[in-house]
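Okay, structure first, notes after.
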């Protein structure tokens, strides 16, 4: 099922960016609190902007880490499935060989 906003790409679910979880709900609360304090005149707007900027930097860094982890997970899953399928092919080739050997034994009866 396509993800809204992804242009209907079939693989959008696998490659969609992960949503940002609240790394620290306290950090986002601090941004709101600093803005409220700035609005009330108890904090300079510059200081409130600095807090907001630092919170955004932390959020973007976390998002980058999560995206990197997701990319690695997809690549690792791909390698794992390829290895598994190759081993399945080898296994069933052996089964097929054994069945052919058994069939030839019946030809010699």
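From the backbone N, Cα and C atoms, a Cβ is placed for every residue, glycine too.
TrEMBL: automatically predicted annotations, no manual curation.
Looking at 1-48, 49-96, the range tied to region 'Disordered' in TrEMBL is 1-48. Looking at the domain 'Sorting nexin protein WASP-binding' (26-107) alone, the prediction's average pLDDT is 93.
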